[in-house]
Amino acid sequence: MLEFSSQDCVFMQRALDLAAKGQYTTTPNPSVGCVLVKNGEIVGEGFHFKAGQPHAERVALAQAGENAKGATAYVTLEPCAHYGRTPPCALGLIEAGVVKVIAAMQDPNPQVAGKGLKMLSDAGIESTVNLLNDQAEKINKGFLKRMRQGMPFVQLKLAMSLDGRTAMASGESKWITGPDARSDVQKMRAKSSALLSTSTTVIADDPSLNVRWDEFPENLKTEYKKEWLRQPVRVILDSQHRIQPTHKLFLTHSPVWLVSSEPRDLTGFPDFCEQIIFPKENLLKELMRELGKRQINTLWVEAGANLSGSLIDAKLVDELIIYIAPKLLGDNARGLCQLPNLTKLADAPLWQLNELEQIGDDIKLTYTPKGV
């Protein structure tokens with residue numbers, strides 16, 4: 001087993017903190033941070049900000065200048081070895097005279113997948129991997145799932161009362177949770193490559209399903225400038241072609257993909273609206289594969305009980321995020337999700353609680369499927 005020093009951990013943690021700064025802007029690329037250290041001092045550091053812009057290693061090398069020669073590089077993901085929008089980072093480290101590279105994890109991207117480490121090794125540079133691997137995985141869980149399985153990382157968001165209700169019997173649901181929880185939802189949307197909902201939700205609430213910087217938590221506004229705002233793709237299941245160009249969805253100039261089993265005439269819709277056509281059978285799984293092909297890393301789901309239950313039933317939910325408000329709505333109010341195929345308690349899906357956080361008066365619970 002490889003042994004790393006406490007100093008190695010400190011510098012890699014700094015690289016991870018830098019990588020996290022790119023979580024709102026890098027999609028479809030991974031979020032990566034890099035720290036260059038010489039004689040125990042940081043001589044250069046940086047993170048990848050946006051696709052097409054310099055990678056983290058290049059930013060750190062530019063800051064270090066001549067001091068990069070003889071330095072150790074701490075990078076949160078294996079340096080790339082291929083020519084894309086930017087030159088290979090492994091080559092940049094070699095040319096700068098870096099003598100050692102420590103990577104938090106190997107890159108599963110088939111274009112990299114060990115090739116970066118091999119390029120470094122072939123050049124005589126000592127390279128090791130798997131320092132603070134779990135933290136590195138968490139930062140890029142969407143990118144990593146897409147690389148490994150060809151599908152996005154699916155986060156299902158639900159908001160409910162203490163008695164597990166999401167809306168009154170009439171459908172009234174604004175607002176179950178408080179302003180702080182809704183602000184947190186804006187933050188989660190901002191991290192996502194795409195949002196998934198249904199025409200039923202759109203018709204009932206006429207939501208914009210966009211990211212609103214003014215509603216961000218105050219601490220996020222200081223690190224994520226308004227001019228950097230990136231709107232996620234809105235993916236809407238619309239089997240009966242009920243979505244119309246007058247919906248608020250289309251007031252935000254960001255792609256809208258309408259999903260159904262039959263084509264429709266999009267006359268009158270803005271040019272950023274398009275259709276995705278699938279047969280009804282296995283529509284959700286086929287949609288996930290298609291979203292993976294379209295480089296969607298993380299999919300944030302805001303929908304009603306039907307789609308929520310269908311995603312859970314199909315085992316497509318990677319993370320279940322529940323906001324619980326300190327309210328009681330009674331047994332006539334609407335339930336959390338529909339699971340019509342579930343008839344035995346022994347068959348109920350089990351979930352592992354990973355995080356519990358108080359947000360204002362509400363509680364945020366984050367679960368992952370147990371045993372997966």
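In case you wondered, yes, glycine gets a Cβ from its N, Cα and C as well.
Taken from Swiss-Prot, the feature region 'Deaminase' covers 1-150.
Marked as active site, proton donor by Swiss-Prot on the basis of similarity to another entry: Glu57. Counting Cβ atoms from all protein chains shown, Glu57 (active site, proton donor) has 32 others lying within 10 Å of its own Cβ.
Annotation source Swiss-Prot lists region 'Reductase' at 151-372.
In sequence order, Thr166, Arg334, Gly335, Leu336, Cys337, Gln338 constitute the residues six or more apart from Ala305 (NADP(+) binding site) in its chain with CB-CB distances below 8 Å. Positions annotated as NADP(+) binding site by Swiss-Prot: Ala159, 166-169, Trp175, Thr201, Asp205, Ser239, 304-310.
The number of other CB atoms found within 10 A of the CB of Arg212 (substrate binding site), across every protein chain shown, is 15. Per Swiss-Prot, substrate binding site is recorded for Ser173, Arg189, Leu209, Arg212, Glu302, and the stated evidence type is similarity to another entry.
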> In Å, rounded, how far does the Cα of Gly309 (NADP(+) binding site) sit from the Cα of Arg189 (substrate binding site)?
Replying inline: 21
> When DSSP states are folded down to helix, strand and coil, where does Leu307 (NADP(+) binding site) land?
Replying inline: helix
> Roughly how many Å separate the Cα of Arg212 (substrate binding site) from that of Thr201 (NADP(+) binding site), to the nearest whole number?
Replying inline: 19
> What is the pLDDT of the region 'Reductase' (151-372) when averaged and given as a whole number?
Replying inline: 90
> Of the recorded positions Glu57, Arg189, Leu209, Glu302, which sits closest to Ala167 (NADP(+) binding site) by Cα distance?
Replying inline: Glu302
> Given Glu302 (substrate binding site) and Thr201 (NADP(+) binding site), what distance in Å do their CA atoms have, once rounded to a whole number?
Replying inline: 9
> Should Ala169 (NADP(+) binding site) be counted as helix, strand, or coil on the basis of DSSP?
Replying inline: coil
